[in-house]
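The structure appears below as structure tokens.
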Amino acid sequence: MDFWQQHFAGRLPALVMFDLDGTLIDSVPDLAAAVDQMLALRGRPPAGVEQVRLWVGNGARVLVRRALAGSLQHSGVAEAEAEAALADFLQAYALEHSRSRLYPGVRACLEHLRQQGVRLALITNKPVRFLPDLLAAHGLQQSFDWVLGGDSLPLQKPDPAPLLHVLQAAGVAAAQALFVGDSRSDILAARAAGVPVVAVSYGYNHGQPIAAENPDLLVDSLAQLI
Ligand SMILES: O=C(O)COP(=O)(O)O
Ligand SMILES: [Mg+2]
């Protein structure tokens, strides 16, 4: 049986929750520029776009620690050094939004779902302070009924807390909702919340194929959602 029939009896979900980086927006060029500025302030060589792509997905705090460690594993990074580097990264990233692009099919998908009366939420691990400007830069400031960043609640994805928060606010049962994301954190959060999950194949997921995380559906473009 196909995914839509199995989960939604061929109808649309009442609520669709989207991840941002790697799902709606290719933000790695801007994130890498800010990471490289933070490293340059420390006299260190740039990490570059291809490395930073592997490190995105767990919020700014973890991204900066990975950049300082030069690897996905960042347990050895000193706390004080990491906090100072985080402040420099955030300052740099606030000025770096010009290279980010919406992925093909995103705008049409969001518009179609809204026209059909589906409520939409954005649930990202990116710090919430960046979201108003970033959404406005892509004409998406009116697209979402709820917008949660990685620091909007005490816990972020892969914890299900932000998804459960939106489900409750919307008064929608988990099984009537859908989550769309690009990384392992998204799939784990959706599973823990009991929400069916679609993964996009083009996102970041730390360089690993997202199919290995067994999403309920894998798509190559959000155009396949409508
Ligand atoms: O900022 C990040 O690390 C990733 O954010 P995302 O949750 O929108 O993918
Ligand atoms: Mg993502």
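Quick reminder: no glycine exception, Cβ is built from N, Cα and C everywhere.
Feature annotations, courtesy of TrEMBL:
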type	residues	note
ACT_SITE	ASP19	active site, nucleophile
BINDING	ASP19, ASP21, ASP182	Mg(2+) binding site
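Around ASP182 (Mg(2+) binding site), a 10 Å sphere centred on its CB holds 25 further CB atoms from the protein chains shown. According to its DSSP assignment, ASP182 (Mg(2+) binding site) is coil. DSSP assigns ASP19 (active site, nucleophile) to coil in the three-state reduction, placing it in neither a helix nor a strand. Within 8 A of the CB centroid of the Mg(2+) site residues ASP19, ASP21, ASP182, the other residues of that chain are LEU20, GLY22, THR23, LEU24, GLY57, THR124, GLY181, SER183, ASP186, VAL200, GLY203, TYR204.
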